[in-house]
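Feature list (source: TrEMBL):
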- 6-28: transmembrane segment (TRANSMEM)
- 12-219: domain 'Cytochrome b561' (DOMAIN)
- 49-69: transmembrane segment (TRANSMEM)
- 81-104: transmembrane segment (TRANSMEM)
- 116-143: transmembrane segment (TRANSMEM)
- 155-176: transmembrane segment (TRANSMEM)
- 197-219: transmembrane segment (TRANSMEM)
């Protein structure tokens with residue numbers, strides 16, 4: 001990655017996340033007929049918007065909370081609460097997104113859970129729910145022993161990155177699946193690359209870029225919260241703010 005201080009990187013990533021949400025909203029509004037909550041195709045349009053917003057953008061923000069320099073000193077509890085709250089909001093949006101797609105399918109007599117995208121997406125949300133409950137139990141409840149937290153922490157970090165990768169894969173497969181279904185009987189087929197296909201494919205690449213940047217930030221050693229006993233902690237903190 002470029003040698004960029006963390007805070008400018010956050011601004012860049014936040015802008016990219018906003019663009020992802022704006023793109024998926026514009027796609028559903030301009031080409032897919034807008035939004036409703038009545039079981040129609042317009043209700044389905046809430047599904048991609050809520051999933052991209054929750055499972056990718058907000059989830060990515062939650063994952064980076066502990067990379068913020070202010071989180072490196074002082075009590076960790078406020079940052080734990082922020083991390084857990086962002087993840088919980090992301091989960092709530094994902095549940096609403098599932099409600100939208102299941103209600104649309106049931107209203108129109110479409111089978112549920114037959115595609116690879118649906119299997120991958122539901123597995124991601126279920127894994128996310130287990131991750132949140134385990135993290136809440138281990139890190140926020142007062143009776144979790146220190147040895148258990150230390151044992152579970154690397155597992156929590158691993159599955160956090162895994163869930164983000166699965167979320168990105170689910171969104172990209174969903175975009176591709178929707179384009180095949182929607183353009184099959186349209187005025188121009190997907191293989192001819194109409195404007196909608198170009199726009200939605202670009203959305204998929206932006207989501208992928210967002211996920212890669214978040215994973216890169218999580219993997220970068222100099223952006224990790226230093227150990228309290230490390231003599232270089234203050235120097236690293238000064239570099240990040242510069």
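The backbone N, Cα and C atoms fix where each Cβ goes, and this holds for glycine too.
TrEMBL: automatically predicted annotations, no manual curation.
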Of 6-28, 49-69, 116-143, 197-219, whichever stretch has the most CB pairs under 8 A to the transmembrane segment (81-104) = 49-69
Non-local residues, at least 6 beyond the ends, that sit with Cβ under 8 Å of the transmembrane segment (49-69) | 6-7, 10, 13-14, 17-18, 20-21, 24-25, 28, 35, 79, 82-84, 86-87, 89-94, 96-97, 100, 121, 124-125, 128, 160-161, 163-164, 167-168, 170-171, 174, 207, 210-211, 214, 217-218, 223-225, 237, 240-241
Beyond the flanks of the transmembrane segment (6-28) by 6 or more, those residues with Cβ under 8 Å of it = 34-35, 45, 48-49, 52-53, 56-57, 60-61, 64, 67-69, 196, 199-200, 202-203, 206-207, 209-210, 213-214, 217, 223, 240-241
